[in-house]
Every structure is written in structure tokens, then in C-alpha cells.
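Trainee: Right, I'll just put the structure down here and ask away after.
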Amino acid sequence: MDGIINVFKPKGITSYDVIRMIKKILNIKKVGHTGTLDPNAGGVLPVCVGNATRLSEYILNSKKEYIGELTLGYETDTQDGDGKVIKYSDKIVEEEEIKMAFEGFKGEIEQVPPMYSAIKHKGKKLYELAREGINVERSPRNVTIYDMNIIEIHENKVLFKALCSRGTYIRTLCNDIGVKLGTYGYMSYLLRTKVGNFVIEDGMSIEELEKKVKNNKFEDFLIPMDEALQDWNFVNVNDEDCFKLMNGLTIDVLGDLKEGLNRVYCRDKFLGIGNVKSHNNVNMLKMKKVLCKR
């Protein structure tokens with residue numbers, strides 16, 4: 001069984017909880033998610049099954065879209081609503097100031113990862129250290145906010161939508177916007193609505209998945225591997241070249257191809273991921289990951 005499941009993760013459980021449940025439902029060991037979603041957040045969690053686990057790194061690098069809520073005037077020790085309030089400000093911020101602050105966070109920005117995160121420090125996760133009352137210095141990281149729009153402002157709460165790169169912490173974004181406005185802020189709500197090509201409208205609950213499996217309707221939820229890479233360029237090869245590629249050889253390919261990773265097909269069958277390199281105006285293709293059954 002190979003493919004991807006667009007799971008709707010409910011609020012209140014971890015991403016690993018979802019993996020554990022799916023392993024049990026499908027009775028399969030080779031299952032992995034494509035990037036942790038906070039326990040207090042719900043939304044899209046693409047889960048790779050079987051050979052599709054080898055695609056995890058590519059889905060992990062996809063753009064992600066969120067709907068979040070920023071609550072101004074308070075800072076919590078976790079930067080979200082689950083934490084303890086540690087600072088308070090009664091400063092009133094005008095709507096125009098909020099809109100300008102949000103605009104200022106578009107593009108490439110620096111973020112210092114929160115202590116309550118799964119990043120490791122000397123073999124231990126930061127949130128484990130935070131629970132022990134230990135604070136360690138974290139280096140800032142560059143992330144990109146491709147787009148961000150305010151949906152609604154009501155009193156001290158700002159509902160917004162953000163499209164961002166891998167590694168972006170929305171709760172840190174909320175905290176930093178609060179600081180920019182001369183007050184405090186924390187993330188009071190988070191819903192992940194999109195990961196690459198996987199959208200929330202197509203997401204399936206664990207309960208729905210269980211019913212489909214009981215009725216043997218695997219085609220209703222198991223998404224073909226190449227659909228995760230639909231934004232990529234692709235190459236079609238003939239039978240002879242397919243044989244060469246499957247045996248680790250490099251082939252010349254015609255056409256106006258872009259260098260880099262491509263989807264590779266033979267007779268409409270997805271073979272896997274190939275790398276195109278140009279040498280003396282000749283495109284050369286070699287398989288990077290063979291994902292089909294031989």
C-alpha cells in the first residue's frame with residue numbers, strides 16, 4: 001500500500017497520535033507525517049503510507065497556509081492560549097496600526113524559534129527543557145511569509161490568513177507582531193488550511209478513514225504519490241530509457257527541460273523522482289528516487 005492520506009487532524013491530539021492511529025487502522029508499519037502540527041491546532045496533516053514515506057521531505061518543504069487568531073495585550077510563556085499569562089498591557093492599538101504591522105511582516109523575516117517547540121538542543125527537545133524551567137539561547141532563522149491578510153479585527157483579537165514557508169511558527173509571528181505594536185500578543189487559534197497541494201476541503205477525519213478501510217474503499221482516501229508533486233516539471237521516457245534509468249544509468253533527454261528535480265513517467269506510469277542536469281546544451285537525466293514497484 002503506497003500513497004498519501006490528507007488527514008484532518010483535530011485539535012487536542014499530537015501529530016504522532018495521528019500516525020499511531022493510522023498504523024493501527026491500516027495494520028501497516030511504514031507510515032509517517034510531513035511536518036508536525038501543534039497539538040492545540042487543527043487542520044491539514046498529509047500522511048505518507050508505504051513507499052510514499054520517501055516523499056516526506058518534499059512535502060515538508062511545501063508552502064503552508066494557516067488561519068490564525070492573534071490576541072493582543074497578553075504574553076504567555078508558550079506564545080499560545082495553552083500557556084500561562086506572564087505579561088499584560090492595557091495599551092489600545094488602532095486598526096490602522098495593526099494593518100501596517102501585518103504588512104511589515106510580509107516577505108523574508110527572522111524568527112527566533114519558541115522554547116515550546118520540537119527543535120532539539122543537545123539531544124533534547126526544547127519543550128522538554130522548557131517544562132523543566134530551562135531556557136536556552138536559540139539562533140534566529142529566516143522564514144518567508146508569502147502572503148498575509150487580515151480577515152477581521154474585533155476588539156483585541158485579529159483573525160488572519162497567512163501563507164508561509166517551512167519552519168514558520170505562527171505563534172512566534174503573533175508574539176512578534178504584538179511587540180512591534182508596543183504591546184504583547186499570543187496565538188489564540190490556529191487552523192492549517194493547506195500544505196502544498198493538500199487542502200482542508202479534501203481532508204478526512206480519522207473516523208471517516210476507519211469507515212473507508214472497513215468497507216475496503218482505499219481508492220477514496222489513498223492519493224497517488226505523484227499528486228503531491230503536481231507543481232513540478234515532468235519527463236516522459238520510452239521503454240528503452242526506462243530500463244536504463246531503473247538500472248542506475250544516466251540518459252539524454254530531448255525537450256526544453258529545466259534543471260533540477262522532475263517527475264519521471266514511462267507509459268503514464270510514475271517511476272519516481274529524477275534529476276535533470278544540462279551539459280554542453282544536452283539535458284541528462286538520472287533517477288534520484290525510484291518509487292514504483294519494479
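From the backbone N, Cα and C atoms, a Cβ is placed for every residue, glycine too.
Predicted automatically and left uncurated, TrEMBL annotations should be read as such.
Below, the features straight out of TrEMBL:
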ACT_SITE  D38  active site, nucleophile
DOMAIN    23-170  domain 'Pseudouridine synthase II N-terminal'
DOMAIN    171-230  domain 'tRNA pseudouridylate synthase B C-terminal'
DOMAIN    235-282  domain 'tRNA pseudouridine synthase II TruB subfamily 1 C-terminal'
Trainee: Relative to the Cβ of the residue listed as 'active site, nucleophile', which residues of the same chain, six or more apart in sequence, are found under 8 Å away?
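Mentor: Result: D80, R171, L190.
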Trainee: Which state, by DSSP, holds D38 (active site, nucleophile): helix, strand or coil?
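Mentor: D38 (active site, nucleophile) sits in coil per DSSP, no helix or strand.
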Trainee: Per DSSP, what is the helix/strand/coil residue tally across the domain 'tRNA pseudouridine synthase II TruB subfamily 1 C-terminal' (235-282)?
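Mentor: So the domain 'tRNA pseudouridine synthase II TruB subfamily 1 C-terminal' (235-282) is made up of 8 helix, 25 strand, 15 coil.
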Trainee: Could you count the residues of the domain 'Pseudouridine synthase II N-terminal' (23-170) that DSSP puts in helix, in strand and in coil?
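Mentor: For the domain 'Pseudouridine synthase II N-terminal' (23-170), the helix, strand and coil counts are 32 helix, 59 strand, 57 coil.
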